[in-house]
Amino acid sequence: MSQIHKHPIPAAIAEHALITPEKYQHYYQQSVQNPDEFWGEQGKIIDWIKPYKTVKNTSFDPGHVSIRWFEDGTLNLAANCLDRHLAERGDQTAIIWEGDDPNQSKTVTYKQLHHDVCQFANVLKSLGVKKGDVVAIYMPMVPEAAVAMLACARIGAVHSVIFGGFSPDAVAGRIIDSHSKLVITADEGIRAGRAIPLKKNVDEALKNPAITSIKNVVVFQRTGNASYWEDGRDVWWHDLIKEASADCPPEEMNAEDPLFILYTSGSTGKPKGVVHTTGGYLVYAALTFKYVFDYHPGDIYWCTADVGWVTGHSYLLYGPLACGAITLMFEGVPNYPGVNRLSQVVDKHKVNILYTAPTAIRALMAEGDKAIEGTKRDSLRIMGSVGEPINPEAWEWYYNKIGNSKCPIVDTWWQTETGGFMITPLPGATELKAGSATRPFFGVQPALVDNLGNPQEGVAEGNLVITDSWPGQARTLFGDHERFEQTYFSTFKGMYFSGDGARRDEDGYYWITGRVDDVLNVSGHRLGTAEIESALVAHPKIAEAAVVGVPHNIKGQAIYAYITLNHGEEPTPELYTEVRNWVRKEIGPLATPDILHWTDSLPKTRSGKIMRRILRKIATGDTSNLGDTSTLADPSVVEKLLEEKQSMQTPS
């Protein structure tokens, strides 16, 4: 294929890199051959109150799945992210906050953050929150969201952060499932110039009669627009901290005490409350952050993720703060008020490391050079991609345009359930190939298996499994260990099943091919939708594409492609033929789309993932039950797609 673009390690990166190719080989071998020795040493990246003696105690055996790391050690996460830095870098910036409005920004030092966290931890105690209680956090992207999370960790409460874009029903469901005792929210959030009615959504959610555990709602004042107020239940953040002491000793926590619950949608049923514990998670978040981003003291790091997603937990807050880093928190979106906003923020704050998602990259790519207009971006040293496989064209555009053809891209594959990076390049140790997540991180043992669980050696394609545990691994699903075993360990016995497919090339590099339910079987041949989408998006007139399979009476499945064109382009019969021939040329006749569906927008969740389940149903005409659409950023897109489908004259 024309899309395999190799990029060597730049000399400027190699010179100062924390991990070289030789070090990677050495550490990786040690980490899989002697995990106790390797992780016993690496566990020291954080401070322990009582040091651990036992490192790894894990089992993936059917019916006995149990994951424990550093289980006899004790620590406090907030002390690791704050207190231990005060002597050396108390006056250093911990968080740079950039508002939705380009004229609003501020910095918070480690000393200030420590003070605010201690105060708010005492507020939580005064409201009756105890060690082990669950606190729901439904906040905008403001430093107070970090304060709330760290304050929970300081006193041993378990936080359940709910993304600010979720509906009242979704909020209610998460509060009920987790038995949350308290809700922390804001009057409103601000995103792309629009107000998000957070408090109103909480009020609506709390009308659910099944919610009996909530005593108080703490409200942070972001805009000053809180309409409804329930005396006795609702309390202002600013009123509470006025009275609060800034002296709050950190609670001593066992390594296996729960740190947070984070809900993630399953392919079936209600969202799953993924549980991460304190010790192994923090060791893994800190170690992966340090080495994957090749973090050097003083680097300014920007992860564009919201705190409501696992990326926001591990790589906006906990990983960076545990390492004493400077982390940038952005309230806005990459293309507001202008399409060059992301580039402007990079220049304004002299960002050295940028971590964002393919969805954002593709949206900017559709704007062409306008996305970098009037900016230099010459402070950038490392860039990263997260959330879904990045197609080689978007990778190259990101590399050449945003990164001025000099920044290695760490294309990271991982999941809510893995806690941290699993397969990823290391800037000073890995030659890059556009579109490949490359190699496993230390201690991660991936394998490819066929549908019967037989290992596929060498160059192969198959289901991506992990054969042994790692410290950042989720321990269970909240209140449902049976579902945890069923979801992740029953498909392939004795292995963690990721739900993703991958192929391994001749260099041992992994290429994620998409969810396994996004695999097409055309005339007995397996085709990953990501591969076809990649070819489509490589066409100069196409901005975005999503591919699904529809039943075909001869081939088994036909290929149905939803396509969004770049601004200014119009669909024509000529373009229809041209696009089909283009894919035929890029991948081969088998991959030629049978049906093209032109559309202005695709149904996406608020985190930017394309909702393929809905696209499959629309494509097959099965619209009787589209399932839960509450997580869609814009539900009206579905109606539009249905209308388009009805009016389509598809060539047979």
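Cβ coordinates are placed from backbone N, Cα and C, and glycine is handled just like the others.
Taken from Swiss-Prot, the feature CoA binding site applies to R191, A192, G193, R194, T311, N335, S523, R584, supported by sequence analysis. The ATP binding site annotation in Swiss-Prot covers G387, E388, P389, D411, T412, W413, W414, Q415, T416, D500, R515, R526. Under the heading Mg(2+) binding site, Swiss-Prot lists V537, H539, I542, citing sequence analysis as support. For K609, the entry in Swiss-Prot reads N6-acetyllysine.
Geometry remark: the residue listed as 'N6-acetyllysine' versus G387 (ATP binding site), CA distance 8 Å. Between the CA atoms of H539 (Mg(2+) binding site) and T311 (CoA binding site) there is a gap of 30 Å. R584 (CoA binding site) falls within a helical segment according to DSSP. Between the alpha carbons (Cα) of R194 (CoA binding site) and P389 (ATP binding site) lies a span of roughly 30 Å. By neighbour count, meaning other C-beta atoms within 10 Å, the densest spot among the binding-site residues T311, N335, T416 is T311.
Neighbour counts of Cβ atoms within 10 Å were compared for the binding-site residues G193, G387, P389, and the top value is held by P389. Neighbour list (A192 (CoA binding site), Cβ cut-off 8 Å, at least 6 residues apart, same chain): D100, G332, V333, Y336.
Those same-chain residues not listed among V537, H539, I542 yet with C-beta within 8 angstroms of the centroid of the Mg(2+) site C-beta atoms are E393, A535, L536, A538, P540, K541, A543, E544, A545, I563, V579, W582. Taking Cα separation as the measure, R191 (CoA binding site) is nearest to G387 of the binding-site residues G387, P389, T412, T416, R515. H539 (Mg(2+) binding site) carries neither a helix nor a strand DSSP state and counts as coil. When the binding-site residues G193, T311, N335, V537, I542 are screened for a Cα within 10 A of the Cα of T416 (ATP binding site), the ones that qualify are T311. When each of the binding-site residues R194, R515, R584 is scored by how many other Cβ atoms sit within 10 Å of its Cβ, R194 comes out lowest. Within the set of binding-site residues T311, N335, V537, R584, the entry lying nearest in space to P389 (ATP binding site) is V537 (CA atoms). When the binding-site residues G193, N335, T412 are ranked by how far their Cα is from the Cα of I542 (Mg(2+) binding site), N335 comes first.
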